[in-house]
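Reading through the structure tokens given below for one structure.
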């Protein structure tokens, strides 16, 4: 097929126009590299969550904005995705799940966790160790031996032999939440909040498994989106 020859003067004009449009778009849509998570997760925002936990909660003296920001140094791409509104949505989604999982930062460990079996014996790469429990711990309630093993390798602690580290070290605790988020949740964030629910606890909650719990997560998410001045987007449930 013959090519269409464009006169050079017209071609140059098109280049100039395209460059001008690109410059306008860039000016109108700031790069997410300019986003400061600390400026979004303000003391007021963080304290508005943990402040709802009862004074007797173990998490009140464990979780803090300072430890979150310290852990964030190892995951500096968190909250920097797409537009600034997209970044705020990711932050709102993360804290919505954390709020639900820990009941406003009240719990460090899963209720009745030691009585539950989270040992995947079929996983030989990260085998369960005697007398160790791999139940939910930390902001995202890290569970199962493969997750403890992988998180430990990535972060730098012995997740299989010392899973309790997640409940004893607040910085490592937040790092496990961010590790799980960036590896298992971030890849689906563009599909809507519902996809993040599926990535975290879909087997138990999605497809009619526990619609009441799904709605609780959505409630927190929309609440935090409102606080940050953004729309929650579509596909909120699973």
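Every residue, even glycine, has its Cβ placed from backbone N, Cα and C.
Residues or ranges marked as active site, proton donor in TrEMBL: 101. According to TrEMBL, the feature disulfide bond maps to 57-106, 119-128, 206-238. The domain 'Glycoside hydrolase family 19 catalytic' annotation in TrEMBL covers 57-79, 172-182. According to TrEMBL, the signal peptide annotation covers 1-27.
Counting every protein chain shown, 23 other Cβ atoms lie within 10 Å of the Cβ of residue 238 (disulfide bond). Here the candidates are the disulfide-bonded residues 57, 119, 238, and by Cα distance the one nearest the residue listed as 'active site, proton donor' turns out to be 57. Distance between Cα atoms for residue 206 (disulfide bond) and residue 106 (disulfide bond): 25 Å, as a whole number. Of all Cβ atoms in the shown protein chains, 19 besides its own fall within 10 Å of the Cβ of residue 57 (disulfide bond). If you take the C-beta of residue 106 (disulfide bond) and look for same-chain residues 6 or more apart in sequence within under 8 angstroms, you find 53, 54, 57, 58, 59, 60.
Taking CA atoms as the reference points, residue 128 (disulfide bond) and residue 238 (disulfide bond) are 31 Å apart. Here residue 119 (disulfide bond) is positioned 27 angstrom away from residue 238 (disulfide bond), judged by their C-alpha atoms. A C-beta separation below 8 Å, combined with a sequence spacing of at least six in one chain, links residue 119 (disulfide bond) to 128, 134, 144, 145. On the 0 to 100 pLDDT scale, the domain 'Glycoside hydrolase family 19 catalytic' (172-182) averages 98 in this prediction. For the domain 'Glycoside hydrolase family 19 catalytic' (172-182), the DSSP-based tally of helix, strand and coil residues reads 11 helix, 0 strand, 0 coil. Summarised by DSSP class, the composition of the domain 'Glycoside hydrolase family 19 catalytic' (57-79) is 12 helix, 0 strand, 11 coil. Cβ neighbour count for residue 206 (disulfide bond): 20 (other Cβ atoms within 10 Å of its Cβ, all protein chains included). The local packing around the residue listed as 'active site, proton donor', expressed as other Cβ atoms within 10 Å of its Cβ over all shown chains, amounts to 20.
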